[in-house]
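Right, one structure below, let's go through it.
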Amino acid sequence: MQHRLALEAVLRFSQISMDRKQNPGTQESGTSSPGLKAASRDSLAAPERQAPGSSMESPSLSSKGSDGSASKSLCSSASSSSENVENFESKASQESSKPSPDQPPLLEGETVKGQGYDVTYLCPYSGPTRGTLSVTNYKLYFCSIDREPPLILDVPLGICSRVEKIGGSTSKGENSYGIDILCKDFRNLRFAHKQENHSRRPIFEKIQQFAFPITNKMPLFAFEFKGSYDTEEGWRIYDPQTEYRRQGVPNDGWRITHVNGNYEVADSYPSLLVVPKAQPDDELKHVAEFRTRGRFPVLSWIHPESQATITRSSQPMVGVAGKRNKDDEHYIQMIMEANAQSHKLYIMDARPSVNAVANKARGGGYENEDSYHNAELVFLDIHNIHVMRESSRKLKEECFPAIDEAHWLSKIESTHWLEHIKVILAGAVRIADKVESNKTSVLVHCSDGWDRTAQLTSLAMLMLDPYYRTIRGFEVLIEKEWVSFGHKFRQRVGHGEDKHSDDNRSPVFLQLVDCVWQMTQQFPNAFEFNEHFLITILDHLYSCLFGTFLYNCQMHAEKEKVKERTQSLWSFVNCQLEEFTNPLYAAYVHAHVLFPVASLRRIHLWTGYYCRWNPRMRPQEPIHLRNRELLVLKAQLQRRVQELQKELANKHARTNLQPSPPRMSSPVNV
């Protein structure tokens, strides 16, 4: 009851805040920043200020001060007006925070590698602006000199997908000679150089060198970053044994095994796995031989009441000849029998049936229902990484730099991006429904079991288990289903390599986060984290500042000693939880299963991410400030409710000590 009263008050306050008259100000790239009012920001990337390009204010690890220590600062890339934060700064602080074009703010371990003077940034929204372009071993930093307040670009080099020279010695016309940078985060950057300055070549070479360190046989910046955070070590957030104990494992049906302790059975799997209790380790190796990459079925999640499970694997190696494996068939039967509530198992194949059949020619395939008794095979029609990459490319063309207002909806439809999001979400809903409503166990796989499989299992678990809807729980979910189970982050993102046309690149993880955002829109009170949290994760997917998403599997990460040599993204997040907390979160309201509507009438384009570089698409209200106000008000209301509850309890206690009045009149009392 007390939480409901607090929530209602917060909702009322939220509506009042939204109804207040805003002072929109200029919505070009050079809008002022709350934390650095003297400097406007077209985009923001380095976490010393905030997550790259985020439209919310975020305290984070700051640039080095005079003592070289880390401090915190605030800023925003899209505040509506400097007048909105007039009360938060003095004129003295404005003067002291004015940036210097020649001295970019630096992280611990970051150094300036090159600078170009009298460089023109060709902003697609506010036009050309002259300034100084600095290249460090982590970022590009541009500070204009012809605007007041100056326009600032602060972009991690990790987001660079391709760097090209434009124009030559014979190029004529203003701004026709320079550098063009294609980015992974749905934007492009273009800088013009004056030929007589001879500044393009050294800047281009430094960008190439530090944007693609792996190609140049250099370490990623995460291994040079020396910053630290005053919070729980992010690498300790996920402990597999702790997480499986939370799920109630081991139990009568499932056990923990270290058969993959040396990564000999499946080198892309974690060392600790959960399998049916009756299955000996020796036979597990025979099962792994029949599965692509040795990724045999293992437990992801178990229902606390029905014991129905979600397991994951890769495709069986059936081939054109239709091979069978008795060990694999018996193992699938054991998974089914571990759930006493049902005598059936659903095998959810993420692929379209046509693709699954085609994989037989390459030695893969799918389960034959005649061989796997009481198992039903369902194809979920999610397309492969190549289709998704092409869809993402088309979406970028429509969202950046200009938006075709007259044909916006038809253009977005032609990218098929929202259709793909819908199909992924619909597949996860089917899995969650079978587990929750039918009390039936589900095995999920695609081809290799590290792309579409991870999308489906993690989304279904998010729907089924409210723990994963908390900030810490979502961190555990990402570490468990994506990092430890071998999603190929390095290849899918292309960390540190200049192979921009590599067929292995694909926005698989981006699609997961998009689906999560879709769920937060349908259930705004069910998630502890906010949109800024999701955008921060995506920004640091590319930044190479943290070690969390650098490698393809746990074995590679351990080999490179990532936990000892780099910082975790979760350390950065958890030292400033108030920045990523949803003020409308009400755990007691949605402590049950969520079934989002996977329909195009409820699926929307995430403009807060894909279109965030366009000033016209940014919210005019400073959402980060309103969220803070709501969090403060929510805490005050909750404290007040607790005080009133104590008063009520004390009143009841005093009443119970006094003799109760007679329920009926008697001659003695008359």
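Keep in mind that glycine also has a Cβ here, set from the backbone N, Cα and C atoms.
Feature annotations, reproduced from TrEMBL:
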type	residues	note
COMPBIAS	23-34	compositional bias 'Polar residues'
COMPBIAS	54-82	compositional bias 'Low complexity'
COMPBIAS	83-100	compositional bias 'Polar residues'
DOMAIN	234-610	domain 'Myotubularin phosphatase'
BINDING	Asn384, Ile385, Cys446, Ser447, Asp448, Gly449, Trp450, Asp451, Arg452	substrate binding site
ACT_SITE	Cys446	active site, phosphocysteine intermediate
Taking the Cβ of Arg452 (substrate binding site) as the centre, count every other Cβ atom within 10 Å, in any protein chain shown. 26
In the domain 'Myotubularin phosphatase' (234-610), averaged pLDDT is 97
For the recorded substrate site, whose residues are Asn384, Ile385, Cys446, Ser447, Asp448, Gly449, Trp450, Asp451, Arg452, find every other residue on that chain with a C-beta no more than 8 angstroms from the centre of their C-beta atoms, and list them by sequence position. Ala350, Thr453
Please list, in sequence order, the residues in the chain of Asn384 (substrate binding site) that are at least six apart in sequence and whose C-beta is under 8 Å away from its C-beta. Arg351, Asn355, Ser447
Given a separation of at least six residues and a C-beta threshold under 8 Å, show me what packs close to Cys446 (substrate binding site) in the same chain. Ser314, Gln315, Asp349, Ala350, Arg351, Ile382, Arg452, Thr453
What whole-number value in Å do you get for the largest C-alpha pair distance within Asn384, Ile385, Cys446, Ser447, Asp448, Gly449, Trp450, Asp451, Arg452, the residues recorded as binding substrate? 13
Ordered by sequence, the long-range same-chain Cβ contacts of Trp450 (substrate binding site) under 8 Å (at least 6 apart) are Ser268, Arg295, Ser314, Phe485, Gly486, His487, Lys488
